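Database features (Swiss-Prot):
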{"type": "ACT_SITE", "residues": "97", "note": "active site"}
{"type": "ACT_SITE", "residues": "99", "note": "active site"}
{"type": "ACT_SITE", "residues": "274", "note": "active site"}
């Protein structure tokens with residue numbers, strides 16, 4: 001295991017929160033409504049059993065963190081009138097969770113996380129942010145490096161009061177998790193068009209996500225209703241995808257097999273994100289600025305996802321001082 005991905009000791013946690021962490025580094029979208037959020041803490045690495053915590057101001061939170069130096073710190077995506085009871089729900093952020101260690105398709109073979117799968121998770125996040133902005137017209141979007149992946153947090157007013165069902169539909173669109181429509185009619189005759197022939201809307205979204213999956217297949221993955229032979233054929237010929245020669249790729253796979261591959265990829269796309277996080281209106285998420293003690297990485301807001309490198313920006317000082 002690489003040094004920065006080793007668990008933090010209690011002494012290292014104490015050093016981080018007393019010497020490096022600063023409550024003023026909290027993102028504004030959390031600091032501005034601190035008193036409306038529920039906080040939760042994991043003190044021993046067994047999960048956030050210390051729940052229903054509320055902090056009226058940054059000073060009280062800072063005092064708690066420095067005294068307790070928790071294994072993990074979380075805050076709710078929901079805003080409450082009475083957060084100490086988790087009652088009086090008002091609204092919730094729209095969340096997308098991409099965890100590098102849980103990606104069903106990734107080109108590395110590590111047991112947890114490594115620079116390769118973290119970068120592939122970042123690629124997914126960039127595509128998602130582009131879709132949220134370009135297709136859905138959303139703008140109040142924050143990307144958070146969680147320590148083992150990324151959280152995309154959306155605070156546009158029009159999505160904050162949505163229920164779980166609508167959030168699930170947004171997830172399916174953004175993830176490319178629906179099989180794209182192939183059959184169309186002009187009122188007189190019907191015809192078929194593949195997703196790569198329609199460079200707009202959901203078909204464009206799906207094509208981008210399918211490209212990501214196909215370019216990162218190792219060749220040993222199980223894709224529903226697709227043979228291992230077809231998966232290997234896709235891997236051998238993915239240079240066609242790189243060159244945007246989708247029609248030739250479809251011919252190599254086989255016109256009758258290709259729709260099954262598309263359907264299988266749509267199911268994989270759904271598993272590239274944790275759907276439970278998106279639909280849970282009362283979820284607690286790792287607190288930006290806090291330490292992910294399992295991997296000794298800092299959970300932090302990412303100002304520029306295009307150039308962000310967690311191995312340069314999210315490593316606490318104590319990691320460099322390990323023997």
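Using the three backbone atoms N, Cα and C, a Cβ is placed for every residue, glycine included.
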Count of other CB atoms lying within 10 Å of the CB belonging to residue 99 (active site): 19
Length of the line joining the Cα atoms of residue 99 (active site) and residue 274 (active site), in Å: 8
Helix, strand or coil at residue 99 (active site) [DSSP, three-state]: strand
Inter-residue Cα distance where the pair is residue 274 (active site) and residue 97 (active site), in Å: 6
Other C-beta atoms that fall within 10 angstroms of the C-beta of residue 97 (active site): 21
Neighbour tally for residue 274 (active site), based on other Cβ positions within 10 Å of its Cβ: 19
